[in-house]
Amino acid sequence: MTNTQQQSESIDDNQAQLSKQQNSDNNKKVPRVLMILDGFGHREDDKDNAIAAADMPNLDKIYEQYPHGLISASGEDVGLPDGQFGNSEVGHMNLGAGRVLYQDSTRISSEVASRDFYKNEALVNAVKAANTLGGNVHIMGLLSDGGVHSNQDHIEAMCHSALVHGAKNVFVHCFLDGRDTPPKSADKYINRLRDHIIKLNAHYESGRVQIASIIGRYYAMDRDNRWDRVQKAYELITEGKADRLSTRADGAVQAAYKARETDEFINPTVVIGRDEVPYTVDDNDALIFMNFRADRARELAQAFVLPDHEFSGFARNKQPKLAAFVMLTKYSDVLADNPKTSIAYYPTSLTNTLGEYLQSKGKTQLRIAETEKYAHVTFFFSGGREDEYKGETRILVPSPDVATYDLQPEMSAPEVTDKLVEAIESGQYDVLVVNYANGDMVGHTGIFDAAVQAVEALDVCVGRVAAAVHAAGGDMLITADHGNCEQMQDYESGQVHTQHTTEHVPLIYVGEKKVQVRSGGKLSDVAPTILALMDIEAPKEMTGENLLVAAE
């Protein structure tokens with residue numbers, strides 16, 4: 001073979017390889033990324049504002065270069081009562097549904113007001129089942145007016161309903177908040193419940209209500225498989241195993257404060273009555289879980305109802321044979337299918353959420369988050385659906401194993417970003433939905449410096465993702481599900497601010513389209529906007545509207 005022939009064949013090989021690469025690139029999908037910065041609200045005042053205090057070169061550049069605006073993420077705009085701050089469940093459901101969703105909390109409160117709550121079949125039957133077997137009624141849930149996981153009005157109504165339907169003994173196991181409420185505010189809620197109980201006991205001579213235990217939500221409401229925490233709550237409620245004994249719930253709270261525990265972290269405490277024995281859940285008792293939000297109720301619920309071959313969280317010394325176990329709402333398919341459980345309020349069915357509609361159009365989608373927010377970009381974003389859609393891929397990145405996230409403010413954001421950038425570059429996905437948990441999870445600690453570090457870690461990740469989207473010729477929307485870390489001090493209580501806010505959240509378009517962000521938007525407008533970026537008409541079920549309009 002001559003040199004000329006060899007050169008010719010080499011050129012042909014290179015051209016063939018280049019052609020193959022071009023064909024491969026042509027087959028790559030144009031990525032549309034929805035980036036949800038959890039707990040990242042907009043607040044004009046820079047004081048005690050972790051976002052304003054952070055060094056954010058990437059986000060600052062994005063704000064300078066791309067269209068942006070603000071959208072509503074709280075109150076009636078997301079299906080909550082007027083003035084109620086948003087939360088991650090509500091936010092992600094509105095983001096994925098493309099319509100305002102009236103929340104379980106609103107629905108249940110409406111039934112309490114109309115007294116239909118007192119006729120709820122699952123709740124009434126649970127009380128009657130315990131009565132028939134000579135058992136007691138136990139009510140457990142987050143005692144708070146935070147409105148994120150529970151509502152104290154519902155717990156008080158359940159105490160009343162149990163007596164109305166003939167319960168002899170009603171015991172309340174209180175999970176204390178300090179996360180969606182000020183860190184040391186439990187006295188307010190305990191005293192309110194105590195006053196309600198006094199009135200009920202005075203009116204219904206045939207039955208009585210009593211607070212049986214208190215414990216911080218850190219233990220009772222884990223969602224990250226920290227079973228050692230859940231075990232403490234389970235053993236408190238079933239065995240009376242506690243760090244403290246008290247004759248009064250308010251006294252127990254004060255004892256915890258003296259031990260430098262805030263509400264969220266209050267150790268297991270038994271509140272004993274005149275007979276000086278714990279009031280525990282036993283055989284033939286009914287147990288009613290009054291949290292309406294699923295993600296932080298599942299683990300404890302599983303401990304009460306799953307058989308040994310399905311439950312591996314911890315060894316259960318006592319497994320009461322319950323007369324009934326009621327979930328206020330559907331916590332999971334597994335729990336709903338369990339013959340020992342019933343559901344007071346079933347979810348309303350949703351059709352043509354963003355995920356379902358993308359499936360119907362033959363599109364591919366990725367959902368990615370670390371453990372703390374994985375349920376939000378999957379279950380909640382899909383309108384309460386557990387299963388993947390056809391063409392959907394899910395990536396779960398483990399959250400760091402630390403006691404509180406101020407100890408590792410970056411959490412697993414860098415690892416989430418690694419996998420997200422890889423997915424964008426792969427060209428396999430039409431739509432990629434990512435949640436970054438830092439702003440919310442570190443914001444909840446109330447530690448300002450850690451929240452600033454969390455935002456700065458996010459900024460690095462945002463820059464990397466924006467570069468990948470640009471290189472792939474795609475589009476990205478950056479938004480949030482609710483506010484949090486933009487306010488780290490509570491000026492009313494004088495304590496650190498650990499709960500969410502009612503602030504608007506950013507909506508930033510990153511891409512090459514000549515558009516601007518219209519005013520008056522809300523979270524339910526995001527899904528139709530994603531579809532508009534793909535030149536796909538939104539389904540009729542999506543009442544939200546495109547947030548992007550032609551630039552003037």
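The count begins at 1 with the first shown residue.
Note that Cβ sites are derived from N, Cα and C of the backbone, with glycine treated the same way.
Here the structure is a predicted model, which means the values were calculated and not measured.
When Cβ atoms from all protein chains are considered, those within 10 Å of SER88 (active site, phosphoserine intermediate) total 28, not counting its own. Taken from Swiss-Prot, the feature active site, phosphoserine intermediate covers SER88.
Sequence annotations record features per position, and here Swiss-Prot assigns Mn(2+) 2 binding site to ASP38, SER88, ASP481, HIS482. Close to ASP38 (Mn(2+) 2 binding site) in the fold, though at least 6 residues off in sequence, lie SER88, LYS373, HIS376, ASN435, TYR436, ALA437, ASN438, GLY439, ASP440, MET441, ALA480, ASP481, HIS482, ASN484, each with a CB less than 8 Å from its CB.
DSSP assigns ARG296 (substrate binding site) to coil in the three-state reduction, outside any helix or strand. Listed in sequence order, HIS149, ARG217, MET221, ASP222, ARG223 are the same-chain residues six or more apart from ARG296 (substrate binding site) with CB atoms under 8 A from its CB. The feature substrate binding site is assigned by Swiss-Prot to HIS149, ARG179, ASP180, ARG217, ARG223, ARG293, ALA294, ASP295, ARG296, LYS373.
As annotated by Swiss-Prot, Mn(2+) 1 binding site applies to ASP440, HIS444, HIS500, with the evidence given as sequence analysis. Every protein chain shown contributes to the tally, and the Cβ of HIS500 (Mn(2+) 1 binding site) ends up with 30 other Cβ atoms within 10 Å.
The compositional bias 'Polar residues' annotation in Swiss-Prot covers 1-25.
Marked as region 'Disordered' by Swiss-Prot: 1-30.
Looking at HIS149, ARG223, ALA294, ASP440, ASP481, the binding-site residues in this record, the fewest other C-beta atoms within 10 angstroms of the C-beta turn up around ARG223. On the backbone, the CA of ASP180 (substrate binding site) and the CA of HIS444 (Mn(2+) 1 binding site) stand 8 Å apart. Reported as a whole number, the C-alpha separation between ALA294 (substrate binding site) and HIS500 (Mn(2+) 1 binding site) equals 18 Å. By the criterion of other Cβ atoms within 10 Å of the residue's own Cβ, the least surrounded of the binding-site residues HIS444, HIS482 is HIS444.
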